[in-house]
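Visitor: The transmembrane segment annotation in TrEMBL covers 12-29. According to TrEMBL, the feature UDP-alpha-D-glucuronate binding site maps to Pro85, Thr86, Tyr87, Asp116, Arg159, Arg164, Asp192, Asp193, Asp194, His306, Thr307, Arg308. Per TrEMBL, Mn(2+) binding site is recorded for Asp194. Taken from TrEMBL, the feature site 'Interaction with galactose moiety of substrate glycoprotein' covers Glu225. Per TrEMBL, active site, proton donor/acceptor is recorded for Glu279. Residues annotated as region 'Disordered' in TrEMBL: 313-333.
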Amino acid sequence: MATRMKLKLKTVFVLYFMVSLMGLVYALMQLGQRCDCSEHDLPKDRTISRLRGELHRFQEQIRKSEATKQPQKQPAKPTIFVITPTYARLVQKAELTRLSQTFLHVPQLHWIVVEDSPHKTPLVTDLLVKSGLTYTHLHMPTAKDRKLQESDPSWLKPRGVEQRNEGLRWLREDRRAQPGGDNQQGVVYFADDDNTYSLQIFEEMRSTQRVSVWPVGLVGGMKYERPVVEGGKVVRFHTGWRPSRPFPMDMAGFAVSLKLVLANPEACFDGDAPMGFLESSFLQGLVTMDELEPKADSCSKVLVWHTRTEKPKMKREEALQAQGLGSDRAVEV
């Protein structure tokens, strides 16, 4: 009896174990099956589909609107025509490199470089080609009797007269040959290759109507020279030498509208003008003091400096050359 009871319990236990095991296997199989929950997801799917459709229609409307919209034309900035006389010397490439890299930051600028030479030199030609600027390359030699000698002080004779006048001549001819009504829009500025220029000065001069003026630093043996402004008008000049001159200003201290230059074809720099009167010889026929346009916060800010690179001393180079050990002439400095 006891043995039979043990067999029955064992059978029940085995059956219970088998049923549990089958239930567990079934449950595990169901975990891997996809749940058919489509009836729950339908509202969400419909909402997403509707939003996508609205987004697509909105994007199409934007595209159509942009296609039909007329682009708003920004008024073109007047071109600044910068005339720079230059001459061969040891620091010429260094000066022109510094100046050209300043000009790269000025929009709508046309650089007119005029060499004091009977021909265009390879050094300046190559520099301009690589500059990335809009430029015109000219040349005009200074007459021998007007040329400064090595031992002459810089103030003895005016430098750059023929070159500035050649730049003006080219500008007048070029503008006459340009079609359209915008060929007279622009500003003319005379920038020596050894001066230092703030980028702001170019934006200041861009609105010039006739002749605009501003201070120049480190000039004439003074910290600065400048027009003195009262009531928005230039009434006199702060300068240490002959303030009675018609326009006692440095070449870097004014700009002229292109229209005014073209309207006065005879206006030029007089190489025979007395010392210090070169700027006046050009401006006298163009403008009166009352018509000058003060810039740089009523001529209270210095934005250009009359700097000059020190002449390099070449004593060691000369000594080495005497020994046949000088620097390689093929290396351009």
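The backbone N, Cα and C atoms fix where each Cβ goes, glycine too.
What TrEMBL says about a protein is an automatic prediction, not a curated fact.
Are these features on the surface or tucked inside, and what are their neighbours?
Guide: Taking all protein chains in view, 18 other C-beta atoms sit within 10 angstroms of the C-beta of Asp194 (UDP-alpha-D-glucuronate binding site).
If one looks beyond the region 'Disordered' (313-333) by at least 6 residues along the same chain, the residues whose Cβ comes under 8 Å of a Cβ in the stretch are 90, 93-94, 123.
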Visitor: To the nearest whole angstrom, what is the C-alpha distance linking Glu225 (site 'Interaction with galactose moiety of substrate glycoprotein') and Arg159 (UDP-alpha-D-glucuronate binding site)?
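Guide: Cα of Glu225 (site 'Interaction with galactose moiety of substrate glycoprotein') to Cα of Arg159 (UDP-alpha-D-glucuronate binding site) measures 20 Å after rounding.
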Visitor: Write down the Cα-Cα distance for Glu279 (active site, proton donor/acceptor) and Arg159 (UDP-alpha-D-glucuronate binding site), rounded and given in Å.
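Guide: Arg159 (UDP-alpha-D-glucuronate binding site) to Glu279 (active site, proton donor/acceptor), Cα-Cα distance: 12 Å.
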Visitor: What is the interatomic distance between the Cα atoms of Thr307 (UDP-alpha-D-glucuronate binding site) and Glu279 (active site, proton donor/acceptor), given in whole Å?
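Guide: A Cα-Cα distance of 18 Å.
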Visitor: Around the C-beta of Glu279 (active site, proton donor/acceptor), how many further C-beta atoms are within 10 angstroms, looking at every protein chain?
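Guide: Around Glu279 (active site, proton donor/acceptor), other Cβ atoms within 10 Å: 22.
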Visitor: Between Asp194 (UDP-alpha-D-glucuronate binding site) and Glu279 (active site, proton donor/acceptor), what is the CA-CA distance rounded to a whole number of Å?
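Guide: So the Cα of Glu279 (active site, proton donor/acceptor) lies 18 Å away from that of Asp194 (UDP-alpha-D-glucuronate binding site).
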Visitor: Mind telling me which of the recorded positions Asp192, Glu225 has the densest Cβ neighbourhood, counting other Cβ atoms within 10 Å?
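Guide: Checking each of Asp192, Glu225, the winner is Glu225.
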Visitor: What are the non-local neighbours of Tyr87 (UDP-alpha-D-glucuronate binding site), defined as same-chain residues 6+ apart in sequence with CB under 8 A from its CB?
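Guide: In sequence order, the residues whose Cβ lies under 8 Å from that of Tyr87 (UDP-alpha-D-glucuronate binding site) (at least 6 apart) are Glu115, Asp116, Ser117, Arg159.
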